[in-house]
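TrEMBL has this to say about the protein:
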- 2-228: domain 'Nodulin-like' (DOMAIN)
- 297-510: domain 'NFD4 C-terminal' (DOMAIN)
- 54-74: transmembrane segment (TRANSMEM)
- 122-144: transmembrane segment (TRANSMEM)
- 150-170: transmembrane segment (TRANSMEM)
- 182-202: transmembrane segment (TRANSMEM)
- 208-228: transmembrane segment (TRANSMEM)
- 300-318: transmembrane segment (TRANSMEM)
- 330-348: transmembrane segment (TRANSMEM)
- 369-388: transmembrane segment (TRANSMEM)
- 394-417: transmembrane segment (TRANSMEM)
- 424-443: transmembrane segment (TRANSMEM)
- 483-503: transmembrane segment (TRANSMEM)
Amino acid sequence: MAGAGATYLFGVYSKDIKSTLGYDQTTLNLLGFFKDLGANVGVLSGLIGEVTPAWFVLLVGSAMNFAGYFMIWLSVTEKIAKPKVWQMCLYICLGANSQNFANTGALVTCVKNFPESRGVMLGLLKGFTGLSGAIFTQLYLAIYPNDSKSFILLIGWLPAALSVVFVYTIRPMKAVKQQNELRVFYHFLYIILAMSLIQKQVAFSQAAYAGTSAVVCLFLFLPLAIAIREELVLWNLKKKPVDPPTEVSIEKPQEIQEIKDNSDLQVQNTKSTTCFGDICNKPERGEDYTILQALLSMDMMILFIATFCGLGSSLTAVDNLGQIGESLGYPTKTISTFVSLVSIWNYFGRVISGFVSETLMVKWKVPRTLMMTFMLVLSSLAYLSIAFPFPGSVYVASVIIGVSFGAQLTLLFTIISELFGLKYYATLFNCGQLASPLGSYILNVKVIGMLYDREALKQLAEKGLTRSSVKELTCLGGQCYRLSFSILAAVTFFGALASLILVMRTRKFYKGDIYKKYREAA
């Protein structure tokens, strides 16, 4: 999962694509849309995951990741003829779509292994994806210093290699829940955050970046040491003799027959419902919905609207961070820091939203949907700070956008698993994020890109130049994103209102014991 976040690094290398291939902002944002389309349309990986083992899903994703980003690298370094725009869109869509195969292979498997701790599990796993931007930045600065084009090559071969190396470790299994791992994950977060803060003050040499990269890799493998320690504890416990119980409860033959009859009935009921069948007769919230039952439900429709507004705006903001920093006069290294901050706080948002929403729900029966509403409101404030910038506002906005973006993803995937069950979760969680690339296309290409280009053309006209006289269309000043990010803020606030409706609809459901059936099954 730490290698499945290359889509969040588009802001780092997008300027190379723009300058090398001579794109304007609208064309670059079109590439950003196809990147978001590939990253969020994971229905294919979900359907493949329903009928094939996890290792096959991961290998398919590995091949797609390498093929897509390797072709982009060849294009940007001009090792092949300049591709057409639709070809670049295809390459980036293919590479970005590979992260869905990592999600389906790793994330879905782990959620099914730990159904009662799905909020924490989703937060931790999606957190590593969010943190991958900081990890890749460290490795890139150590391996390819001052060569941002080679960064594209790194995100092509490294995630593919990770999936191949660890492909057989991810599988359905009966696992014992461990508490000690969380401390290690928090230490991991603190180390990465400290390194990011130091980078803003110190100009590291390549050797120093190599050292920090080694530390990152060391901390990535620390949870393995915890797992080995816990296995040793369990092994030692098994070696100890166990005293026989004082009372033995023996089931009567009649009770055994009743259990067998009930099991047979459950099997018959399961067989009678296909993954696309029984559309109108929807079960209660929390039971296993079929794919069409879930997709055609009112709850899913509201989630689509909130996702369209919330994640669509977040993807748009992240994709434009590089150009925002450039328009406001920040140096290149500072712009890279913005992207790194989004990645780090994206991790923080994913992890904390999983833990906090789980705690609020278990202890005080607070609907998880309420936290999503809060994050959408927070996002709209961040967009206003970019529309009307003040000193340091982009730093603040980067942190808030990262936190809210990460939290929305974790909360969306967890809410889908709770409302519609885990039987077809591999497909449903991929379907749940389909609205975000649509929102990204409309907001990124049709709003942000067009308004940016309009402002840039105005500045060219003031200098007495035309579009044909410059290779790259660039806008400078706070007015470049003022109107467009004001629109983003309004759209996101509308998504918060839609999410609030879902809070009211699911309030009664979250007041009950939503994990009861999983405890009984265990």
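Positions of Cβ are set from backbone N, Cα and C atoms, glycine also.
In TrEMBL, annotation is done automatically, which means it is predicted and not curated.
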Long-range Cβ neighbours of the transmembrane segment (122-144) (under 8 Å; 6 or more residues past either end):
1-6, 8-9, 12, 99, 103, 106-107, 110-111, 150-151, 153-155, 158, 185, 188-189, 192, 195-196, 204, 206, 209-210, 212-213, 216, 220, 336, 339-340, 342-344, 346-355, 402, 406, 409-410, 413-414, 417
Looking only at the domain 'NFD4 C-terminal' (297-510), report the model's average pLDDT.
91
Any contact, the transmembrane segment (369-388) to the transmembrane segment (150-170), with at least 3 Cβ pairs under 8 A:
no
Any chance you could find the range in 54-74, 300-318, 330-348, 424-443 with the most Cβ pairs under 8 Å to the transmembrane segment (483-503)?
300-318
In terms of Cβ proximity under 8 Å, which residues at least six beyond the ends of the transmembrane segment (150-170) contact it?
2-4, 6, 9, 12-13, 16, 54-55, 58-59, 61-63, 65-66, 68-70, 72-73, 76, 95, 98, 102, 105-106, 109-110, 136, 139-140, 143-144
What stretch in 54-74, 300-318, 394-417, 424-443 has the biggest tally of Cβ pairs under 8 Å against the transmembrane segment (330-348)?
394-417
Can you see whether the transmembrane segment (300-318) and the transmembrane segment (424-443) are touching - at least 3 CB pairs under 8 angstroms, only pairs 6 or more apart in sequence?
yes
Counting Cβ pairs closer than 8 Å, which of 54-74, 208-228, 424-443 has the most of them with the transmembrane segment (394-417)?
424-443
